[in-house]
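A.B. asks: Attaching a single structure in C-alpha cells format; questions to follow.
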Amino acid sequence: MIALSQEAVRSKDTINHYVLSWREGEQPSPEQVEEAVSIFMDELGVKDHQAIYGLHADTDNLHLHLAINRVHPETLKVVKINNGFDIEAAHKAIARIENAQGWQREQNGRYQVLENGELGREHIDKDKPRQPAQPKRDMENRTGEKSAERIAIEDGAPIIKKAQTWEQLHRELAAKGMRYEKTGSGATLFVGDVGVKASSADRDASLSKLQKRLGAYQPPQRQQVAQREPEPIKPDVPGWKDYITGRKAHYSEKNADKLVQDKRQEQERKQLAEQQKARRDELMRGNWKGKGEVLNAMRSVIAAEQAAEKAALKEKHQKQREQHRQQFRPYPDLEQWQRMQKSPELAEQWRHRASEPQRIEGDRSEPPTPRDIRAYQPEIVGQQVHYSRKEEGGRGGGVSFVDKGKSID
C-alpha cells in the first residue's frame, strides 16, 4: 500500500483513515465486518482500491480502523472521494450499513434508507431545542455539569428574545448571573466568567439582530451580576454535588500551583539572564587592546558555559512541570468517580441514563451467593454480589454487572 501511495508524486497523503464504531453491546460477526467494509468502500466509490482494516475491542465499543488508499491500483490516479466531501459520503455509508445489518441508528445520523432503498436526508426539526456544540456535550457527559453554552441557550436566550430595551436585557441577565458584552464586531454572552458566542445561544441573540430590534448597543450601567452555582445536567444524581465540589477544588489547586510555579520559573530565568549579562559586561571592561584572539577565546568559553547553564535550568524546569503533572493528574469523570466510591450501580445508571440498561429479572429474590462465572471475580457487597472481569494476575477490574437477587443489572 505504501509503495503504491508513493507512486502519486503530486499528492503528499493518499491514505485516508476512518473509524467505524458499534454501540456498546453490539457484536458484529466477522462476516458482518467484511460486509460493512464492502458497503463503506462502495458508497465512497473506492471498492477497487487497496484497504487495510482491523477490529479493536480495547474499549467498551467495538470499533473498526479502516485505511483506504486513494490511488487506483491500475490507473495510478488519485481519487478525490465525493469531490472532497468524504465525510458526507461516510454518513451515507453508515446509514446503509445500519439498514443492511439491523444496527440501531445513530442518534444524530444525517441519512436513513427509505422504503424504496434510496437514501433520504434526515428531517431537521426546526422546533427541536438548540444543543451545545459537541465538545461541550462531551464535557457534560464526563462531568454531569451543564456547560456555559447550555445555560446560555436555556436561560439566556429566552431573556434576550423577550427584552424590549438594552436596560431590561442587562438587568434580567445579571439576575441570572450573566452579562451581554460587545466584543469586536460581535457580542459575547458571559455565564459567570465563561464567554459564549452570543449567536450560539440563539440566532436572534447576535449583536446585529439585537441592534436592529433595540437600537445601538448600550453597555450595562454598574450592574450587580448574581453568583451562579454549578448545575447538574440531570437533576437528582446521587453524589454529584460532592463530585463537582471535589473536581473544582482539584483544578483550582492545580491552577494556583501552576501560577506559582510559572512565576518562580520566570524569576529564575530572569535572574540567570541578569547574572550572565553581568559576567559578560565584566569581561568587556578589561583592557583587551591587542588581545583580540584571547578575547574571542574567552567569549567562546563564556558562551559555552552560559549555554550549559541555560540548558540545566531548562531541564530543571521541565522536571518541575512533570512533577506538577504527576501531582495533579486529570480528575476522574463522574462514572469513574462513582465506581471509585464503590457505587457501581450509580455508575451504571449514569452511563445508561439516556437508555434503559440491559437487565435480567427473576420471579423471586435470593440471598447474595457468589457464583463461579468464568472470567469474572465475585464480591459480596451488602445484599448484592458485584462481578468484575478478571485481569492479569487474577485481580478484578471494574464492576461489569450486579446480582441483586431478583434482578441482574
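Cβ atoms here come from the backbone N, Cα and C positions, even for glycine.
Annotation source Swiss-Prot lists region 'Disordered' at 117-149, 215-239, 262-285, 309-409. Positions annotated as compositional bias 'Basic and acidic residues' by Swiss-Prot: 118-149, 262-284, 309-325, 348-374.
Could you place these features in context, so I can see how deep they sit and what lies close by?
C.D. replies: Sequence-remote contacts of a segment are chain residues at least 6 beyond its ends whose Cβ falls under 8 Å from one of its Cβ atoms, and for the region 'Disordered' (215-239) they are 140, 144-146, 150-151, 166-167, 170-171, 174-182, 187, 191-192, 207, 248, 334, 337-338, 341, 343, 346, 350, 353.
Taking H, G and I as helix, E and B as strand and the rest as coil, DSSP gives the region 'Disordered' (262-285) the counts 23 helix, 0 strand, 1 coil.
Sequence-distant contacts of the compositional bias 'Basic and acidic residues' (262-284) (same chain, at least 6 residues past either end, Cβ-Cβ under 8 Å): 298-299, 302, 306, 309-310, 313, 317, 320.
Per DSSP, the secondary structure of the compositional bias 'Basic and acidic residues' (309-325) breaks down as 17 helix, 0 strand, 0 coil.
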A.B. asks: Under DSSP, the region 'Disordered' (215-239) has how many residues in helix, strand and coil?
C.D. replies: 0 helix, 1 strand, 24 coil
